[in-house]
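Asker: My questions will all concern the structure given below.
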Amino acid sequence: MGTPGTSAGALFLSSASAPSRKRAAGEAGEAGVARSRQRVLDEEEYIEGLQTVIQRDFFPDVEKLQAQKEYLEAEENGDLERMRQIAIKFGSALGKISREPPPPYVTPATFETPEVHPGSAVLGNKPRPQGRDLDDGEAGEEEEKEPLPSLDVFLSQYTSEDNASFQEIMEVAKEKSHARHAWLYQAEEEFEKRQKDNLELPSAEHQAIESSQAGVETWKYKAKNSLMYYPEGVPDEEQLFKKPRQIVHKNTRFLRDPFSQALSRSQLQQAAALNAQHKQGKVGPDGKELIPQESPRVGGFGFVATPSPAPGVNESPLMTWGEVENTPLRVEGSESPYVDRTPGPTFKILEPGRRERLGLKMANEAAAKNRAKKQEALRRVTENLASLTPKGLSPAMSPALQRLVSRTASKYTDRALRASYTPSPARSSHLKTPAGGPQTPTSTPAPGSATRTPLTQDPASITDNLLQLPARRKASDFF
């Protein structure tokens, strides 16, 4: 069975030949390995090793689930040879009979979870040969002797090619930044060197300071000080005096079965006896005694109540777990055979009555008639407006109707606009009456004579002098 970790085991076996003092240091010493001492692996090898460690520590049942899946597939395909290989490979771990009573619950897994007892090694943490035949027994024993490192130790010891190349790029960028801003770090380096020289104990001949400053340098010089730059933060020195953190994976499971049947049965019986003694002689809210007296016993057995037949046992239920062959129907509240047990009034929208339905029908019909009348009136007005022109007069119209249409057509046409687009004779600035009517005298009337107010203005006078715009005044005109 090819599972992740086949080549990862060879990786850890090759690194297992390190001196024993490295293994004795433990995770605390390995976590602080410098980045330069990390071993660079291929991307596929690094991911496979990381996947193996994570699967072993956090998902130990994945291997058994994969074996179970392959066993079921082989059984479905009738591959007896594959079934035999899986049974031989996992038979030693699955064939052990536990002497402790089984748990009160049954898990759906076919392969049992290995039980962990105090003083015994964790079975899930032991690496097994994956994807190998039984002939490689020696290699499997050698692999079982060398435990795989934890996740933190693996990340501190190994890195991928992408991570290593990224670190190199960051180092090169940092060196370029220092070279570009050498003036920023030169004074800081000189100060650190001078301070280091002052801390060293010179010989007796050089203890006399010949050229010294007026005061003692107590202020530490820093290029990026906290006044002009954002502070970099205080180093967390508190973690240096604490024990290194470690993930204890065995704490996620019980060392022994906490739900023992014998212990649980005795505790339940004791709790039931105490509860019955506490409720002895008390009356519930329904007026009945909480623990009624026992019925007479015959041969150690008490009487049981006569079973009452439940109606509709053999009938088809309202809902089944089968497939729905058509659109499901909504069950109304009145059609449901179950009685509503919720006390108090319930909200329900009643169906409209016959009178209300008749009123709505009449209102809809009246509204439809009104809309039809309105549409017909609008259509007639549109047709009339389109035909109210002297050129559009029908010869079938009577003379009186033609004069009426000619007289009313002037209300819907703009004579001034028509005159601006058509040539006209010499215009006069005097006021005139509409065509066909009596003309207004051009001379000034006598004081006592009656005058007539012009009804309309000359249509040609509306568009006269439109382009004769007044000249814009200059600044010199105001002085």
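Note that Cβ sites are derived from N, Cα and C of the backbone, with glycine treated the same way.
The model shown is predicted, which means the values in this text are computed figures rather than measured ones.
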Asker: Scan Ser394, Ser424 for the residue that Swiss-Prot records as phosphoserine.
Answerer: Ser394
Asker: For the region 'Disordered' entry in Swiss-Prot, name the matching range from 1-38, 39-76, 153-190.
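Answerer: Range annotated as region 'Disordered' by Swiss-Prot: 1-38.
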Asker: I want to check the contact list for Ser398 (phosphoserine): same chain, sequence separation of six or more, C-beta distance under 8 angstroms. What comes out?
Answerer: none
